[in-house]
There are 2 protein chains.
Amino acid sequence: MGISAEESASLYSISIFTFVLWLCIVVGHLFVKHRWMNESVAAILIGLLSGTIIMFTSQGKSSRILVFSEDLFFIYLLPPIIFNAGFQVKKKHFFRNFITISLFGAVGTMISFIIISLGAYGIFRRFDIGQLELGDYLAIGAIFSATDSVCTLQVLNQDDTPLLYSLVFGEGVVNDATSVVLFKAIQNFDLQHVDASILFQLLGNFLYLFATSTLLGIAIGLLSAFCVKWIKFGMHSTDREVAHMILMAYFSYILADLLNLSGILTVFFCGIVMSHYTWHNVTEKSRVTTKHAFATLSFIAEIFIFLYVGMDALDIEKWKYVKNSPGQSIAVSSILIVLVMIGRAASIFPLSFLSNLTRKNPLLKINFNQQVIIWWAGLMRGAVSMALSYNQFTRSGYTQLRGNALMITSTITVVLFSTMVFGMLTKLLLKFLQPFESGNEIVESLPDLPNPNGIRNPLLENGKPISVFHGFFSSSDHGIHYYWRKFDNAYMRPLFGGRGFTPFVDGPPTDQMAV
Amino acid sequence: MGISAEESASLYSISIFTFVLWLCIVVGHLFVKHRWMNESVAAILIGLLSGTIIMFTSQGKSSRILVFSEDLFFIYLLPPIIFNAGFQVKKKHFFRNFITISLFGAVGTMISFIIISLGAYGIFRRFDIGQLELGDYLAIGAIFSATDSVCTLQVLNQDDTPLLYSLVFGEGVVNDATSVVLFKAIQNFDLQHVDASILFQLLGNFLYLFATSTLLGIAIGLLSAFCVKWIKFGMHSTDREVAHMILMAYFSYILADLLNLSGILTVFFCGIVMSHYTWHNVTEKSRVTTKHAFATLSFIAEIFIFLYVGMDALDIEKWKYVKNSPGQSIAVSSILIVLVMIGRAASIFPLSFLSNLTRKNPLLKINFNQQVIIWWAGLMRGAVSMALSYNQFTRSGYTQLRGNALMITSTITVVLFSTMVFGMLTKLLLKFLQPFESGNEIVESLPDLPNPNGIRNPLLENGKPISVFHGFFSSSDHGIHYYWRKFDNAYMRPLFGGRGFTPFVDGPPTDQMAV
């Protein structure tokens, strides 16, 4: 254990980083009382501040404690966040709005992608910003279509505004997956020979990835439920149950990535299935532990990412090329922000109109104020954009090319600006557009409006509690939900456990295993 | 996200490793019913098996999914295990036996170290095993003095045999720290000029490290309690409290290592202080979550280490040099195992005799059967030995020297043999030596024997619950415990919270913060 200089440097980095991470939690906690401040902003600010301090103490040599690494982000930080999102999401709201969410997440992202790519291609070519190829412009579209669901969720509240929360949040997950898939597709396609068939290929590729990733997540989630139910870890140890759930969840993500599927979608659906079946099969202690341990892991990973982005932003090498033409850099960043706003407006408002057409009950329609909030909440860009941008623009030498360096710094500028400025304004906007916080959402607390199709009240059916998946496609097709519930009761729950319509409460749930 | 070949290989490793880790938990759970089997053995066996499979599928090129890295072990896997040990230890038993534990852990390890070093120096020099220097022989002493507390704890049970458990476990922690400190000291000292002053220097160095590391752990633990008590995270979120505790605990370990102290001791005492103060200041949900989340992290880290050791054992390059002289390799390993057994016998039996001299109550003395169990339970060698051995014998080229290669393979052999053979026999030995499992321990369940010194029953004093630290040095000095309790009530608890004599139960503890 003779500590070498290198080892000592890495210990130094880790200790500073752990301390700063802790500082973010304390400061974030103190800030949380202010309406315009949240933990993301606090973490970015602390990151910038520590970056500055390190830069000065190291005499301008370095500003970074840890180098931003795509691996760290995609392999270790993103999975707990997305898994926890699936695990804690209110499934009723999510599945009720499933079609709208898919529409916003997949189609909306495509629209943003096309508008941003075309806009960048049209405008940037007139600037003298170094050589960018067609592939780069398409990549820019994908990079800036990736919204930052993490940041948004810290502002919206699942209990106050459940409809908005589930729309924005669900869209965020599908959006993450879509933009990553788009980005992969662009890197793999031969862009010299573009024709119409490629678009169909892209679409087919996307649908295939979406379906297989979802199925893989569901399969692993069911396997985990099955194991707990039949092996009964709990009889010996809570730790074993919790470890089992953690490892299975992580395995689903890594396996999906290994198979070139979307790990994000897989681990999200794995989380949903685990909370529907597995969670109800474990002991009460395991339930409390998993609920809070997963949330804590996700919380730490989120703060980590924002801190990281803040610290990384000050890296000097990146800004060297920009120093000579600050005006140009500001122009490029501003154009990108405007394109992001236009692209999102062009997807949210028309798609909301379409979605409203399927909602017969006027109370369930998405009103204009809500549309503005959804538009706004998805304007923030975060770590996914950063990671994709690094991937695209640091491949041919470390930001040595002028155009590449400019795109990296612009990405950082857009991320910082959108997270801090848009993020801070969101709470004010919410207050302005939704003066009576839960007023607009009252309809959402009526899950079982008198049903015109004449299905009996499911709560009473067979005397059994109704399924959490109640409401699946219910706004468009009452049949599916009915059959799903019958199927769940008859085949799924006897095999995989689960307790049906049980909210995530901390009261003393009974330990009955099978229904 | 164009996945490169390298990235894909790392994803492949992680997914296999996650899956195998999960497999260990399931198989370990199924094995746990058998008396002679435990999770460590299962993990090593599964590790060996997967190593074999990988070796065959890669046509003998590689047997390892992940390369054994000291960093991974000391920076990421060891801290959660040691912290959890401090967090969950029964403080009453630990502090009651504090002197005996220090005696076994520090003095006993020194005795083992001297015997193994001298033995190896005396015997191996007559063999033709390549060139080993004086420093190497001393390192061998330190490497094989490090017992494997992890494995032992899986065999003994804190509830059935609390005295044995606290002795073996407490010794293990002090032993880890002692052997690592010894190892560091050997690497740093100038061995060309050995004289008596160096021994005193070593001793002084050790005492300094022990004291400062302990104080640092206590200080950070108290800071964490203070923060929770005064900032009151819980009013906003459980996640924040849990994250706060995780980050502070980890920070204590890394900071100690950075300051060249013993992170193991620091994080252990941080765990004890956190469970005495911090844990009582957080909300009930946080209490259940931390208790089980820390245990789960520790559990996964343990399995990880054994799996790792099993997989690493099959690495072909290491065995190349041994292939030519298998007899010599077996001889060296056998001699080391015998030295380990002698070294431990020479420390445990005399030190038990000394310890018994301080125990006036004959019921509290360590009887011969218990001494044999303590001796036996500390014979296993584990990941700490592996890590130290790698550090010492791979520095000058990757096991290219004959002597180095031999020592690495001998370490692996000793670790595998002791963990599997000794580990499997421990439960049988326990059954043989302690036929009425809790019979020998009955005295331990009488924490407050009529006190000859005439102190009133502390349970009733001031109507307040007695401190968990009750029993601190109680077998040798009743005064210290009394003053500690007064001090804790008067100064510590008003500042740092804590609820005093509260066992780690899962019943609904009240949320009263201050006493």
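Don't overthink the numbers, they just go from 1 along the chain as shown.
In case you wondered, yes, glycine gets a Cβ from its N, Cα and C as well.
TrEMBL lists B:12-32 (among others) with the feature transmembrane segment. Residues of the same chain lying 6 or more positions beyond the ends of the transmembrane segment (B:12-32) and with a Cβ under 8 Å from any Cβ of it are 38-39, 41-43, 46-47, 50, 65-66, 300, 303-304, 306-307.
The domain 'Cation/H+ exchanger transmembrane' annotation in TrEMBL covers B:30-431.
Residues or ranges marked as transmembrane segment by TrEMBL: B:41-59 (among others).
TrEMBL lists B:65-86 (among others) with the feature transmembrane segment.
Annotation comment: TrEMBL describes B:98-124 (among others) as transmembrane segment. Taking Cβ pairs closer than 8 Å, the transmembrane segment (B:98-124) reaches residues 132, 134, 137-138, 140-142, 144-145, 166-167, 170-175, 177-179, 182, 206, 210, 332, 335-336, 339-340, 342-344, 346-348, 351, 354-355, 358, 366, 374, 472-473, 475-476 in its own chain, all 6 or more past its ends.
Under the heading transmembrane segment, TrEMBL lists B:206-228 (among others).
For B:249-274 (among others), the entry in TrEMBL reads transmembrane segment. Sequence-distant neighbours of the transmembrane segment (B:249-274) (same chain, 6+ residues past either end, Cβ-Cβ under 8 Å): 74-75, 78-79, 82-87, 89, 91, 94, 173-174, 176-177, 180-181, 184, 209-210, 212-214, 216-218, 220-222, 224-225.
Positions annotated as transmembrane segment by TrEMBL: B:294-310 (among others).
The feature transmembrane segment is assigned by TrEMBL to B:330-353 (among others). Within the chain carrying the transmembrane segment (B:330-353), a Cβ under 8 angstroms from the stretch's Cβ atoms is held by residues 100, 103-104, 107-109, 111-113, 115-116, 119-120, 123-124, 127, 129, 140, 144-145, 366, 371, 374-375, 378-379, 381, 406-407, 410, 413-414, 417-418, all 6 or more beyond its ends.
Per TrEMBL, transmembrane segment is recorded for B:373-393 (among others).
What TrEMBL records for B:405-425 (among others) is transmembrane segment.
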- Can at least 3 Cβ pairs under 8 A be found between the transmembrane segment (B:373-393) and the transmembrane segment (B:65-86), with each pair 6 or more apart in sequence? yes
- Of the stretches B:65-86, B:294-310, B:405-425, which racks up the most C-beta pairs under 8 Å with the transmembrane segment (B:41-59)? B:294-310
- State the non-local partners of the transmembrane segment (B:65-86) in its own chain: residues 6+ outside its ends, Cβ under 8 Å from one of its Cβ atoms. 13, 16-17, 20, 50, 54, 149-150, 153, 169, 173, 176, 249-250, 253-254, 257, 263-264, 267-272, 274-275, 294-295, 297-298, 301-302, 304-305, 308-309, 311-312, 383-384, 386-387, 390-391
